[in-house]
């Protein structure tokens, strides 16, 4: 994708390196371990172990799903990060929120208000054929809020995403991350899902 330092000053290279190499990698490793344990439990017919492993699979699998989207939602400024969305997604944002600025305010407010750790999402609700803003706790993937919800843009509001740089001031992180948001992935998913 891009060098860890490429999103500076919005997000420091140190945060990006730790976030990708340590946090995301831990979710992948722990998810794979949980899947191996699940296979063994199923083979043994151990229903208790199968049920016990569900939370580890959801947490670590969700961490991998969410971060895989997050990296695609970011791009250095000199490569188009921070440029507003165009075409059908841009029009849908205007129709459903009034303006891009109104969407950013809503996502920032909901992300700042989220208690503890989690994510704030711009999603397509395929059932209502509208864009919506949702939050999820911990590493819960958006699908846990409804099968019709398709994640377009996710912002990680876990402290590991910002604390080294922004300390406890999550609203400053949320304000600055928009300078490196890349709408390309969100636009591609939106166009595919609404075609």
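Don't overthink the numbers, they just go from 1 along the chain as shown.
Every residue gets a Cβ built from N, Cα and C, even glycine.
Annotated domain 'Manganese/iron superoxide dismutase N-terminal' per TrEMBL: 2-74, in sequence order.
Non-local neighbourhood of residue 156 (Mn(2+) binding site): 19, 66, 67, 70, 119, each in the same chain, at least six residues away, with C-beta under 8 Å from its C-beta. Marked as Mn(2+) binding site by TrEMBL: 19, 67, 156, 160.
What TrEMBL records for 87-188 is domain 'Manganese/iron superoxide dismutase C-terminal'. Note on the domain 'Manganese/iron superoxide dismutase C-terminal' (87-188): DSSP counts are 52 helix, 25 strand, 25 coil.
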Fewest-neighbour residue among binding-site residues, criterion Cβ within 10 Å, set 19, 67, 160: 160
Composition by DSSP (helix, strand, coil) of residues within the domain 'Manganese/iron superoxide dismutase N-terminal' (2-74): 62 helix, 1 strand, 10 coil
Non-site residues, in chain order, whose CB comes within 8 A of the mean position of the CB atoms of 19, 67, 156, 160 at Mn(2+): 20, 23, 24, 70, 158, 161
Whole-number mean of pLDDT values that fall within the domain 'Manganese/iron superoxide dismutase N-terminal' (2-74): 96
